[in-house]
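Enquirer: Pasting the relevant annotations from TrEMBL:
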ACT_SITE  Glu219  active site
ACT_SITE  Cys253  active site
DOMAIN    7-437  domain 'Aldehyde dehydrogenase'
Amino acid sequence: MAHRLVEALATDADSVVKRLRATFRSGRTKPLDWRLDQLRALRTLLTEQSEAFLAALNADLGKGATEAYRTEIAFTLNELDHTVRHLEEWLRPKPAAVPDAFLPAQARVVRDPLGVVLIIAPWNYPLQLALAPLVGALAAGNTAVVKPSELAPATSAAIARLLPRYLDRQAVAVVEGAVPETSALLEQRFDHIFYTGNGAVGRIVMAAAAKHLTPVTLELGGKSPVVVEPGVDLAVTAQRIARGKFLNAGQTCVAPDYVLAVGDTAPALAAELAAAVRAAHGDDPAGDPEYGRIVNERHFDRLTALLGEGRVVTGASHDRATRYLAPTVLADVPPAAPVMQEEIFGPILPIITVPDLDAAIAFINERDKPLALYAFTDSDRTKQRLAEETSSGALVFGLPVSHLAVPELPFGGVGESGMGRYHGEYSIDTFSHAKAVLDKPLG
Ligand code: NAD
């Protein structure tokens with residue numbers, strides 16, 4: 001029975017990829033007009049069906065309509081509009097200088113589409129993280145299979161139901177499912193695999209891709225630190241940290257994971273964080289319709305098990321039946337505590353005290369390279385030292401999480417936080433081949 005299921009899934013995956021490859025080979029995805037048409041159709045889908053998507057996001061993650069619209073729909077529309085605005089210019093061949101010895105030859109770099117792309121999306125921003133990569137894949141002239149996350153089943157179903165109504169069905173396919181379906185897809189030969197999720201599955205994806213020499217982009221996670229130096233405005237600092245941390249109940253890949261409070265900042269910062277949580281979510285965040293829920297019971301149990309060490313400054317109350325975990329700040333957390341051993345990926349913010357900037361930098365560099373490093377400081381010297389002495393996917397001063405909404409900045413990790421990058425023109429780089437063309441006249 002199980003064997004027959006695996007065979008059936010393999011046959012399905014094979015036929016989907018064959019269909020998309022035939023479309024790609026026909027050349028229909030290459031003209032600029034086809035690409036722009038698809039992007040505009042995606043825009044229409046997001047605007048016409050926004051209510052359906054918001055309902056699905058609420059069912060999956062308890063996302064409030066305002067937050068869900070901003071982080072999932074408006075975000076993707078921005079990415080789309082930026083791409084539509086610049087695509088023609090990005091696709092223009094770039095002239096390259098030719099050494100004198102080859103003159104009068106001419107040289108240029110052209111961006112060739114790759115072919116059939118596989119996009120594997122996670123559950124935490126299940127719409128944005130399926131569609132923003134698709135914007136890049138289509139803009140670069142590819143066909144694409146989108147595999148949404150089974151852990152956000154309502155959003156996955158909405159994507160599967162609605163995408164084919166708006167986009168070219170011969171060029172874009174949605175395959176729903178969990179491990180068996182994804183494994184069957186990974187047996188196929190793709191021209192690029194774009195995976196967003198955790199590093200353990202990232203390794204599975206990369207191993208499968210290696211069999212076909214398929215390039216991969218891995219958008220992973222990790223613990224993104226926030227350095228807070230003495231002397232900064234702690235009320236503003238706390239408000240901005242809390243906003244980035246408790247968005248989507250902390251289930252954001254670039255959420256501040258923990259705070260490194262330099263010198264004597266921890267007690268005052270902790271108090272300001274508690275005030276910021278109250279100001280944003282009220283005295284009882286369970287009643288705030290904009291405050292999300294933990295995706296499932298497994299993650300809920302994992303998170304509540306992390307509450308054991310450290311002093312609770314605010315939060316920690318929880319309810320398994322509704323998968324509610326209050327925005328939580330923990331002070332005096334020892335670096336060896338369980339909450340400091342893995343990416344938290346939930347609404348728990350530990351504060352660790354370090355004596356000075358040297359200690360903060362050492363703490364960061366002893367661990368995996370983070371997806372983002374945040375700092376609140378008034379010192380240009382500190383900014384320069386963090387830029388020069390640490391490595392992270394992004395370095396952001398003063399406004400956690402905001403960098404991913406700047407379409408001219410590349411978004412991606414380094415080391416354990418991932419490989420490759422996307423957004424805006426970087427997506428075009430990811431989903432195309434920079435082909436060298438040299439043309440020397442005869443005679
Ligand atoms: P997830 O469980 O939804 O898994 C991601 C995808 O991998 C899903 O589509 C799932 O079906 C597939 N998958 C799971 N197991 C598989 C297997 N054995 N073989 C093949 N495919 C498999 O999401 P997740 O991994 O829990 O997501 C959370 C992680 O993702 C966090 O670490 C977070 O930081 C990271 N993340 C990173 C980014 C980013 O842009 N860098 C964005 C969001 C999340």
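Heads up, the Cβ atoms here are built off N, Cα and C, so glycines get one too.
Remember, it's a predicted structure, so these values are computed and weren't measured experimentally.
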Enquirer: Using a Cβ-Cβ cut-off under 8 angstroms and a sequence gap of six or more, which residues of the chain neighbour Cys253 (active site)?
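Expert: Those within reach of Cys253 (active site), by Cβ under 8 Å and sequence separation of 6 or more, are Asn124, Thr196, Glu219, Leu220, Gly221, Leu371.
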Enquirer: According to DSSP, folded down to helix, strand and coil, what is Cys253 (active site)?
Expert: coil
Enquirer: Around the Cβ of Glu219 (active site), how many other Cβ atoms lie within 10 Å? Please give the count over every shown protein chain.
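Expert: Glu219 (active site): 26 neighbouring Cβ atoms within 10 Å.
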